[in-house]
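Below is one structure; the comments refer to it alone.
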Amino acid sequence: MDASFLPAALAAHAPVLGVVVPLFMAAVLVAVPNGRFAWGVVLASTVFALFIAFELVAQTRLSGVVSYQLGGWAPPHGIEFRIDELNSVIVLLIGAMGVLSAIFALPSVADEISPGKRGLFYAAFLVCFSGLNGVALTGDAFNLFVFLEISSLGTYALVAMGHQNDRQALTASFNYLVMGTIGATFFVIGVGFLYMATGTLNMADIARIVVDMPGNRVVEIAFAFILVGVGLKAALFPLHLWLPSAYSFAPNFVTVFLATTATKVAFYVIIRFMFDVFDPQSAFVMMSLTWVVMPLAIAGMILASAQAIFQTDARRLLAYSSVAQVGYMMLGLGMGTAIGVSAGVLHLLNHALMKGALFMALGAFAYSYGVRRISDFRGLGQALPGVAAAFTIGALSLIGVPFTVGFVSKFYLVQAALANGWWWAVAAIVFSSVLAVFYVYRILVVMWVHPAPEGRERIRPVPLMILVPLWILVAANIYFGVHADFMVDLANAAAQAAINAEAGS
Amino acid sequence: MTMSPHVILRVVSKVLIPFIVVFGFYVHFHGEYSPGGGFQAGVILASAVILYALIFGVDAARRAVPPAVVRVGFALGAMLYAGVGFATLLLGGDFLDYDVLHPDLSHHTGQHMGIILIEIGVLVTVTCVMIAIFYAFAGRTPEISEEDW
């Protein structure tokens, strides 16, 4: 890969620019809140961040770890942005999803948000976007907390903006705010304990020191607090209660972006702390992987899928499915092996592709026919065959039908489980996939088989700005389902980076 | 004008507000050498405006410090902070590496300049955000009428 993907001056400062440029642009949008202009700025910022992400992926491929010190203060005392092959993938995901949802945003936001609010709405989005990038890029535990809060504050505002469609968005957002704040507080308490035990906040430095403290109770408590805190943000079952409402009442654009990035970034933080900062070989971490993470993952996979079957709102159904999918990813982590983590990361990437496509298709239905409940989807297969086909492909990917990304990641997950001899985990994956068939079938049958109700008017056609990102995601679902190498490669490198960093440093 | 029921409050706060503002700036500029800085000073400055609004009414405060100015202000503060970072990048340093701002390294002049500039950014943003939060809450309920005091 070409190392100088961007001009050298930009490339040298790529880590910090990916965070600061969107944040700066958010401030510009607050000063000049004009909807059209704001959308242009959002698109430009996300494209810029995507280029930065490509650059970082290229750099980490070439040199392993990229370290950037802020303010010229050398780590561990100064704040360090530390990028390896694990977080460069996450930044790539955030950038790509940011661009696609920004394209999707123009018609969707124009439909859902009143003109006077659009500028500030986009500003909140950029705050969230830069915060997520910051979480993914920073190598400082406290700095990570700050970025986590920056992204969450943006998210609460974004979710609450759904109130122009449905006032329940306000309670959903408030619930999310309370639970997200509890999660962030737990995380910062954990970081405080770590600081108490190790005297440093730099994650690589903590990792170096913690290895020599087996059985230290303070470190163990720190681990527990951080796991619960970030687990809340990642919607790890049973800490997922904020997620279904937040996803189902937020504006469509926000749901698309959050479902594909926010929980993924929190999940990245879990990987980073479990396998990199803490010592996965230590008895305590090992036991929590086997006896806490794995059972909860399997419970989430099955119970959340079962709950999804009984939903009446399409986005709520997919939200419960997201909780189940987090279970798959956590199951990969719970195995505690390199292939397990790799399968988890692979599912993280693939799940972003399928949920992005599915939520965009639902956004297209809402845009064109104003329907959100599954029972109102009757006859949409005939009315909007293109979007319905896209939704169907995404749904098949969600189940894990061969030649889709869903199959690839489940295949690797099953392989990783078998390598551990965890046949019951395989059974759980299969059972949860069967449940997925049921809840997906409910939507598909209404959409394709039931006749359209009398007198339903199409509000307006689905614009290209929705169709293009939708079909890019659907195409990615199939392309990476057939040519899995690229994604598997990224995931393997990420897992290696997560597991080896602790041994190598 | 007839005798207002809270004339003492008005007179006292009129006298106090300039001192609050001066104290805010003191906390701000002394923040480099003693406890203080942009965050604390921003809250103190905002409290002067909030006191004014409490005594003379939110409308009077909105005339003195218009919401549009507040909104632009909190954006400008953040932009100033990030702008210092971009300036250090353009001058060839790392992000927020203040040393490059001034060639006099032996006295750390660049560090002083950088800290003061970003603290001004923090001050402006915190002041404006505090006022904006106050306006947002105060704008939700009708003002207390004179008789209900």
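Glycine is no exception: its Cβ is also placed from the backbone N, Cα and C atoms.
Summarising the annotation, TrEMBL assigns domain 'NADH:quinone oxidoreductase/Mrp antiporter transmembrane' to A:140-435.
Annotation comment: TrEMBL describes A:6-30 (among others) as transmembrane segment.
If one looks beyond the transmembrane segment (A:37-58) by at least 6 residues along the same chain, the residues whose Cβ comes under 8 Å of a Cβ in the stretch are 1-3, 5-6, 10-11, 14-15, 17-18, 21-22, 25, 28-29, 66, 83, 85, 88-89, 91-92, 94-96, 98-99, 102-103, 105-106, 109, 118-119, 121-123, 125-126, 129, 133, 490. Residues annotated as transmembrane segment in TrEMBL: A:37-58 (among others).
Residues annotated as transmembrane segment in TrEMBL: A:86-107 (among others).
Residues or ranges marked as transmembrane segment by TrEMBL: A:144-162 (among others).
The transmembrane segment annotation in TrEMBL covers A:218-237 (among others).
The annotation transmembrane segment is assigned in TrEMBL to A:249-271 (among others). Long-range Cβ contacts of the transmembrane segment (A:249-271) within its own chain (Cβ-Cβ under 8 Å, at least 6 residues beyond either end) map to 86-87, 90, 93-94, 97-98, 101, 104-105, 108-109, 112-113, 125, 128-129, 132, 135-136, 144, 148, 151, 155, 158-159, 161-162, 165-166, 168-169, 172-173, 227, 230-231, 233-236, 243, 315, 318-319, 322, 326, 329-330, 333, 341, 344-345, 348, 351-353, 355-356, 359-360, 362-363, 366-367, 498.
The feature transmembrane segment is assigned by TrEMBL to A:283-305 (among others).
Non-local neighbours of the transmembrane segment (A:317-346) in the same chain are 86, 89, 234-237, 240, 243-244, 246-248, 259, 263, 267, 270-271, 274-275, 280, 286, 289-290, 293-294, 296-302, 304-305, 307-308, 311, 355, 358-359, 362, 374, 398, 408-410, 412-413, 415-417, 419-420, 422, 425, 428-429, 432, 435-436, 439, 442-443, 487-488, 490-492, 494-496, 498-499; each lies 6+ residues outside the stretch with a CB under 8 Å from one of its CB atoms. Summarising the annotation, TrEMBL assigns transmembrane segment to A:317-346 (among others).
Within the chain carrying the transmembrane segment (A:352-371), a Cβ under 8 angstroms from the stretch's Cβ atoms is held by residues 93, 97, 100-101, 104, 107-108, 111, 252-253, 255-256, 259-261, 264, 314-315, 318, 321-322, 325, 377, 380, 383-384, 387-388, 390-391, 393-395, 397-398, 404-406, 456, 458-463, 466-467, 469-470, 473-474, 476-477, 480, all 6 or more beyond its ends. According to TrEMBL, the feature transmembrane segment maps to A:352-371 (among others).
If you look up TrEMBL, you'll see A:383-409 (among others) marked as transmembrane segment.
Packing against the transmembrane segment (A:421-441) from elsewhere in the chain are residues 294, 298, 301-302, 305-306, 308-309, 311, 317, 320-321, 324, 327-328, 331, 335, 395-396, 398-400, 410, 413-414: each is 6 or more residues past its ends and has a CB under 8 Å from a CB in it. Annotated transmembrane segment per TrEMBL: A:421-441 (among others), in sequence order.
Annotation comment: TrEMBL describes A:462-482 (among others) as transmembrane segment. Counting same-chain residues at least six beyond the ends of the transmembrane segment (A:462-482), those with a Cβ under 8 angstroms from any Cβ of the stretch are 100-101, 103-104, 106-108, 350, 353-354, 356-357, 360-361, 363-364, 367-368, 384, 386-387, 390, 393-394, 397, 402-408.
Sequence-distant neighbours of the transmembrane segment (A:218-237) (same chain, 6+ residues past either end, Cβ-Cβ under 8 Å): 148, 152, 179-180, 182-194, 196-198, 210, 243, 262-263, 266-267, 269-270, 273-274, 278, 284-285, 288, 292-293, 296-297, 299-300, 303-304, 322-323, 326-327, 330. Beyond its flanks by at least six residues, the transmembrane segment (A:283-305) meets 214-215, 220, 223-224, 227, 236-238, 240, 274, 320-321, 323-324, 326-331, 333-336, 424-425, 428-429, 431-432, 435-436, 439 of its own chain at Cβ-Cβ distances under 8 Å.
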